[in-house]
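A short worksheet on the structure shown next.
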Amino acid sequence: MRIATWNVNSIRTRVGRVVDWLVREDVDVLAMQEIKCRPEQFPAEAFERAGYRLELHGLNQWNGVAFASRHEMTEVSRSFAGMPGFGKPVKGQEAMQGVGANGLPLEARALGVTVGDLRLWSLYVPNGRALGDPHLDYKLAWLEALRRDAEAWLAEDPDLPLALMGDWNIAPLDADMGDPGFVVGQSTHVSPEERSMFASFAPIVEDVVRPIVPEGYTFWDYKAGRFPKNQGMRIDFIMGSRAFAEAVTGASIAREERTGDAPSDHVPVVCDIDPALLGSTFEDEFDRPMVF
DNA sequence: ATGCCCGTGCTTCACGGA
C-alpha cells in the first residue's frame with residue numbers, strides 16, 4: 001500500500017505528469033495540495049481512466065486540496081473542527097465557503113478521508129508570508145488548532161492509524177533549509193515560533209519519512225536557479241500516529257519530479273504501508289486472502 | 001537591496017507563492 005503527498009502547484013497544468021507518476025510508481029493514495037481550481041475545473045477524467053477515485057476541495061484559484069485513491073474513500077471532511085479562517089468577516093455570499101472557528105472565511109487547505117482503517121489528511125498549511133505579517137499569526141493559529149483536534153482524535157482512539165500529510169511550510173531542522181533567502185530571525189519557515197509549533201506535534205505524530213530518508217529537500221523555488229544549485233527546503237511531510245508509523249515499511253522523496261518539462265516546485269513524498277501491520281479490517285479488505 | 005520563476009484571472013498587470 002503506497003501513500004504519497006505532493007504539492008502539485010496547479011493540477012490543470014500538471015495533470016499528465018501527476019497521473020503518469022501515479023501509475024509508474026504504483027501509488028494507491030495521493031494527497032495533493034495547491035490544485036488551484038474548483039472541483040468542476042479539476043481534470044478528473046485522466047485520473048479516472050487510470051483507476052483513481054477523487055475527493056476534491058477547491059474554492060477558487062488559490063490553495064485547494066484533493067485525494068486520488070484506488071480504494072474507496074469515506075468520512076470526507078473539508079475542514080477540521082477548530083480550523084480558523086482568514087480575511088474579512090464572513091457575510092452574504094462569502095458565507096458559502098464556510099466559516100472558521102474564528103468567524104472568518106475558511107480556505108481550502110484541509111481534506112480528510114478514511115481509506116480502510118487509515119485516517120488520512122491532505123494539508124496545505126498557510127504560508128506565513130513574513131515575520132510580523134498577520135498571515136504568520138494565522139499560520140500558527142491554524143497549526144495549533146490542527147494539533148488540538150488531532151490530539152482529540154487520538155485521545156478517543158489511541159490505535160488510530162492517522163497521517164497528517166502535506167505541505168507544512170516549515171523547515172523543522174537547520175539541515176532542512178538550503179535556500180539562502182531564508183534566515184533564522186528574518187524569515188518564515190525557520191522561525192523559532194514555527195519550529196516550536198512543528199515540534200509540539202511530536203507527542204501525537206512523527207515524521208515517518210525522515211528515519212528512512214534522512215537527507216534531502218522536497219521544494220526548490222523556481223527563482224534564482226534554486227534547483228540546479230540544490231538550494232531547496234524540506235517542508236513536505238507525512239506525519240503518522242504510532243499505529244500508522246508502525247506499519248511503515250519504506251519511504252522515498254521523488255526528487256526526479258523536479259526535473260524535465262514543467263515540474264511543480266515541490267516533489268512527491270512517499271511511504272509504504274504493510275496492511276498486515278494494521279488492524280484486521282484493513283487486512284481483510286485489501287489483502288483479499290484466499291477463501292477455501 | 002531587489003528580482004529572479006511560475007500559475008491564475010477574464011490578463012496586458014496584480015497577486016500569491018516560499
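Glycine is no exception: its Cβ is also placed from the backbone N, Cα and C atoms.
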Checklist entry - Which of these, A:Asn7, A:Asn60, does TrEMBL say binds Mg(2+) at the same site as A:Glu34, A:Asp167, A:Asn169, A:Asp265, A:His266? => result A:Asn7
Item to check | Sparsest Cβ surroundings (other CB atoms within 10 Å) among the binding-site residues A:Asn7, A:Asn169 | outcome: A:Asn169
Next on the checklist: Whole-number answer please: how many Å between the C-alpha atoms of A:Asp236 (site 'Important for catalytic activity') and A:Asn169 (Mg(2+) binding site)?
Outcome noted: 7
Next on the checklist: An 8 Å radius from the center of the A:Asn7, A:Glu34, A:Asp167, A:Asn169, A:Asp265, A:His266 Cβ atoms defines the neighbourhood of the Mg(2+) site; name the other residues of that chain inside it, in order.
Outcome noted: A:Asn9, A:Gln33, A:Tyr124, A:Phe219, A:Ile235, A:Asp236, A:Ser264
